[in-house]
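Heads up, the thing below is written out as structure tokens.
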Amino acid sequence: MDKKTSTRKSPEFCSLRYGLALIMHFSNFTMITQRVSLSIAIIAMVNSTQQPGLFNNSTERPLAFTFNHSNRTIKEFNTAEVSVYEWSPETQGIIFSSINYGIILTLIPSGYLAGIFGAKQMLGAGLLVSSLLTLFTPLTADFGVILVIVIRTVQGMAQGMAWTGQFTIWAKWAPPLERSKLTSIAGSGAAFGSFIILCVGGLISQALGWPFIFYIFGSIGCVCCFLWFTVIYDDPLHHPCISIREKEHIVSSLAQQSSSPRRSVPIKSMVRCLPLWAIFTGFFSHFWLCTIIITYLPTYISSVLRVNIRDSGVLSSLPFIAAASCTILGGQLADFLLSRNLLRLITVRKLFSSLGLLLPSLCAVALPFVASSYTTTIILLILIPGTSNLCDSGFIINTLDVAPRYASFLMGISRGFGLIAGIISSTATGFLISQDSVSGWRNVFFLAAAVNMFGLVFYLTFGQAEIQHWAKERTLTRL
């Protein structure tokens, strides 16, 4: 009787682990809005120095949204009551990129430390620091651009801590047959946050002034911190509110995994592990195309379709809501296939990896040939990030399968590969389109498709879903 009780599946969407996924969704939502806030506000922060005397309260000029390194909004706002700054485009680029360097600095060490000291404290501290720095950004801007760059770099380090340590929690909370659903619910917060900030950021700046973008989303982050430290625990065994049935369900489903703390990381074994390199290659390929779409989507619409993007803020945000929807639906479908024993775990991982790399590549290759059709081009641009996020049920969470003990550490390395791919692809895209617009865009998309195909073939060849020997409890490999 006890055995039946321990293996009985607890109700899913009324369970604590799904509440944890929603809190993590809210956390990811908060971090991405804080990351993009400066990109939205900077137009109002510098617009009086860019074209003095050429606009008033109702004037607009065609600027484009981008995600990381470019101006994010195309509305011109009334800046009579707030500060404006003489920041050149080159200076703005340094400010935008500084948060990425901060993230890179902490990806690997934060994942390792979260596994030792507990992810709750690491993630909560990162979210709190990021929220406080967001609140103080308008004040720091008055003290000079150097301080803004420092603040953004530290904020990137804080967010790197919060992004990476999530997988340490899921290694202890997510039953194997529910990992895709739980991680997709949590991860979709980033896409949904991008959608919201693009839609309402300009309105906030226009109605209240650009500092309120930071005040509102920084305050939301502080509320999220309170929920985080109140609701989140590192593992189900120590949570005071979890039901006995759910606790037994999670513990029994993770019985074959190691939960003991480790004092060393088997670096040599990891370097020689081809399944890990398959995951890293998948991340590199996935981030290559995604970064191009995120960064250059408005530029492509404006230059190729000749559309004034200042009147299409919602249009620019549609790919992100599509990405959020596909992330959640993909997770549901992946775990349905696993729970019904329709496909093996490795088959599911490779299936969704294939869909997430192949489908957007086909859309990207088709884009140069349908440039004359506005509707078809917009549909393809929406499908690229949407289908790309099917990878979230593929190699994105594969580290939980092959090395759950080191999932957070390996996620840091994986995201590092992705960030490097984003930096290279952004630079290469700028170079290609500067040579010739028509052939440049065609080469950009063909190159992205080729990178995706390389990553897909490598992952299909070497990807695995079994726990690696060096990741098991009995293995304590030295550094």
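Each residue, glycine too, has its Cβ placed from N, Cα and C.
Among the features that TrEMBL reports, domain 'Major facilitator superfamily (MFS) profile' is placed at 37-467.
Feature annotation from TrEMBL assigns transmembrane segment to 99-119 (among others). For the transmembrane segment (99-119), same-chain residues at least 6 beyond its ends with a Cβ under 8 Å from one of its own Cβ atoms are 35, 68, 126, 152-161, 163-169, 234, 261-262, 265, 405-406, 408-413, 415-416, 419, 422-423.
Residues of the same chain lying 6 or more positions beyond the ends of the transmembrane segment (125-151) and with a Cβ under 8 Å from any Cβ of it are 27, 30-31, 34, 37-38, 45, 83, 85, 87, 91, 94-95, 98, 110, 158-162, 165, 210-211, 214-215, 217-222, 224-225, 228. The transmembrane segment feature in TrEMBL is assigned to 125-151 (among others).
The transmembrane segment feature in TrEMBL is assigned to 182-204 (among others).
Residues annotated as transmembrane segment in TrEMBL: 210-233 (among others). Only residues 6 or more beyond the boundaries of the transmembrane segment (210-233), in the same chain, are considered here, and those with a CB under 8 A from a CB of the stretch are 19-20, 23, 26-27, 30-31, 33-34, 37-38, 40-41, 44-45, 77, 79, 82, 120, 123-124, 127-128, 130-135, 137-138, 169, 197, 201, 204, 239.
Among residues of the same chain six or more beyond the transmembrane segment (273-297), those with a C-beta under 8 A of the stretch's C-beta atoms are 65-70, 316, 319, 353, 356-357, 360-361, 364, 381, 384-385, 388, 391, 394-396, 398-399, 402-403, 410, 413-415, 417-422, 424-426, 429, 433, 444, 448-449, 451-452, 454-456, 458-459, 461-464, 468, 470. According to TrEMBL, the transmembrane segment annotation covers 273-297 (among others).
Feature annotation from TrEMBL assigns transmembrane segment to 317-339 (among others). Within its own chain, the transmembrane segment (317-339) is flanked in space by residues 176-185, 187-189, 191-192, 194-195, 198-199, 293, 297, 345, 348, 352, 356, 378, 381-390, 392-393, which lie at least six positions past its ends and keep a Cβ under 8 Å from the stretch.
What TrEMBL records for 351-371 (among others) is transmembrane segment.
Sequence annotations record features per position, and here TrEMBL assigns transmembrane segment to 377-397 (among others).
If one looks beyond the transmembrane segment (409-432) by at least 6 residues along the same chain, the residues whose Cβ comes under 8 Å of a Cβ in the stretch are 68-69, 100, 103-104, 106-112, 115, 160, 163-164, 166-167, 265, 270, 276, 279-281, 283-292, 295-296, 399, 403, 440-441, 443-444, 447-448, 451. Look at TrEMBL and you will find 409-432 (among others) tagged as transmembrane segment.
Look at TrEMBL and you will find 444-462 (among others) tagged as transmembrane segment.
Residues 17-18, 20-22, 24-33, 36-37, 40-41, 65, 67, 72-75, 77, 166, 170, 173-174, 212-213, 216-217, 313-314, 316-318, 320-321, 323-325, 327-328, 330-332, 385, 389, 392-393, 396-397, 400 of the same chain lie 6+ residues outside the transmembrane segment (182-204) yet bring a C-beta within less than 8 angstroms of a C-beta in it. When Cβ-Cβ distances below 8 Å are used as the criterion, the transmembrane segment (444-462) is approached by residues 274-275, 277-279, 281-282, 284-286, 288-289, 292, 296, 350, 353-354, 357-358, 360-362, 364-365, 367-368, 394-395, 421, 425, 428-429, 432-433 of the same chain, each at least six residues removed from its ends. Beyond the ends of the transmembrane segment (377-397), by six or more residues, the same chain brings 167, 170, 179-180, 183-184, 187, 191, 278-279, 282-283, 286, 289-290, 293-294, 297, 300-301, 304-305, 315, 318-320, 322-327, 330-331, 333-334, 348-357, 359-360, 363-364, 366-367, 370-371, 459, 463 to within a C-beta distance below 8 angstroms of the stretch.
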